[in-house]
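K.L.:
If you scroll down you'll find the structure; I have some questions about it.
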Amino acid sequence: MNPLIFTTILMTVLLGTMIVMMSSHWLMIWIGFEMNLLAIIPILMKKYNPRTMEASTKYFLTQATASMLLMMAIIINLMHSGQWTITKVFNPTASIIMTSALAMKLGLTPFHFWVPEVTQGISLTSGLILLTWQKLAPMSILYQISPSINLNILLTMAVLSILVGGWGGLNQTQLRKIMAYSSIAHMGWMTAVLVYNPTLTMLNMLIYIMMTLTMFMLFIHSSSTTTLSLSHTWNKMPLTTTLILITLLSMGGLPPLSGFMPKWMIIQELTKNSSIILPTLMAIMALLNLYFYMRLTYSTSLTMFPSTNNMKMKWQFETKRITLLPPLIVMSSLLLPLTPMLSILD
């Protein structure tokens, strides 16, 4: 793709998301979503082959359906309230349809069906954009309409997303699918606390983006797309493999790593505002995610696959250094001591 065209398309993706996040008018929000959708398709299809074509088509159809539902909810809300502002969703039917549309855009259960298939069919770089930047716009709208959302529907979606995100990733060998199911589970954690403490949801989103960005950059750096190819990186780049292990454990939510902080604060917030059953269920279901993270770390760093090379370390050219990677790894693993400073979120 021509660099100028690619830059223009990328800037349109960024502009579409920024329009959604900064607008208070429903029509402008819908236009921002459409700009973002039409511009992201060529990025997903950058490496043109039948797999990327299929993945892009699935993504387009899903997001177009979600946009249609969103416009329907906007019109119903307009008929009942007579205003285009995003301050409140006045009609319960409009609220349910709007929540479903945004859940489809985010990949929440039961609208999660497209996330693993689309992520698997595209490149690692496109997958990174899909699982991080593309979550910002719908989550910002959910954040703004959180007082109007039906709590029971949102909590049901959240719990099912954590369950499906853990269960779906158990027998996967493809790293992109594992990251997709991980994304579904993390979205579940975010939406579970959205009504009670929206600011905590945004904190969780920030830490999730940092951890996912770190993981994808490490996968790109080691050229790994499957658990088998990842297990061979120990011979080539042991430091990168160690960093992958630490980041995976952080994504699983193990203390004293950064990923433990949002889970801890979300469970604390839910315990304050609702019964003890919901946070207990969420913590138990999070063990499914932790299991496949631990299995991945075991196959990556604690097993040595047979190799025809007798040398422990393989000879290789000097790999390209990524300047952004060290600070991202630090933030993805060492933010837990900052937790007392975040007491303001209460």
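Cβ from N, Cα, C; glycine included.
Annotations for this protein, taken from Swiss-Prot, read as follows:
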type	residues	note
TRANSMEM	3-23	transmembrane segment
TRANSMEM	25-45	transmembrane segment
TRANSMEM	59-79	transmembrane segment
TRANSMEM	96-116	transmembrane segment
TRANSMEM	122-142	transmembrane segment
TRANSMEM	149-169	transmembrane segment
TRANSMEM	178-198	transmembrane segment
TRANSMEM	200-220	transmembrane segment
TRANSMEM	242-262	transmembrane segment
TRANSMEM	274-294	transmembrane segment
TRANSMEM	322-342	transmembrane segment
K.L.:
Top stretch among 3-23, 25-45, 149-169, 178-198, 242-262 for CB pairs under 8 A with the transmembrane segment (96-116)?
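P.N.:
Looking only at 3-23, 25-45, 149-169, 178-198, 242-262, the most contacts with the transmembrane segment (96-116) come from 149-169.
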K.L.:
Return the stretch with the most CB pairs under 8 A relative to the transmembrane segment (122-142), choosing among 3-23, 59-79, 178-198, 274-294.
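P.N.:
Ranked by Cβ pairs under 8 Å, first place goes to 3-23.
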K.L.:
Which stretch, 59-79, 149-169, 200-220, 274-294, tops the Cβ pairs under 8 Å count with the transmembrane segment (25-45)?
P.N.:
59-79
K.L.:
Could you give the residue numbers and ranges of same-chain residues that sit at least 6 residues beyond the transmembrane segment (3-23) on either side and whose C-beta is under 8 angstroms from one of its C-beta atoms?
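P.N.:
Here the qualifying positions are 29, 31-40, 42-43, 46, 86, 129, 133-134, 136-137, 140-141.
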K.L.:
Taking the transmembrane segment (242-262) as the reference, which of 59-79, 178-198, 200-220, 274-294 gives the largest number of Cβ pairs under 8 angstroms?
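P.N.:
Top-ranked stretch among 59-79, 178-198, 200-220, 274-294: 200-220.
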K.L.:
Sort out the residues at least 6 away from either end of the transmembrane segment (274-294), same chain, that have Cβ-Cβ distances under 8 Å to it, and list them.
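P.N.:
Residues packing against the transmembrane segment (274-294) from afar: 155, 158-159, 162-163, 165-167, 169-170, 172, 178, 182, 185, 188-189, 192, 196, 248-249, 251-254, 263, 266-267.
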K.L.:
For the transmembrane segment (178-198), find every same-chain residue at least 6 residues outside the stretch whose CB is under 8 Å from a CB in it, and list them.
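P.N.:
For the transmembrane segment (178-198), the nonlocal Cβ contacts are 103, 106-109, 112, 115-116, 118-120, 127, 131, 135, 139, 142-143, 146-147, 149, 151, 154-155, 157-162, 164-166, 168-169, 172, 204-205, 208, 212, 215-216, 251, 262-263, 266, 269-270, 272-274, 278, 282, 286, 289, 292, 296, 345-346.
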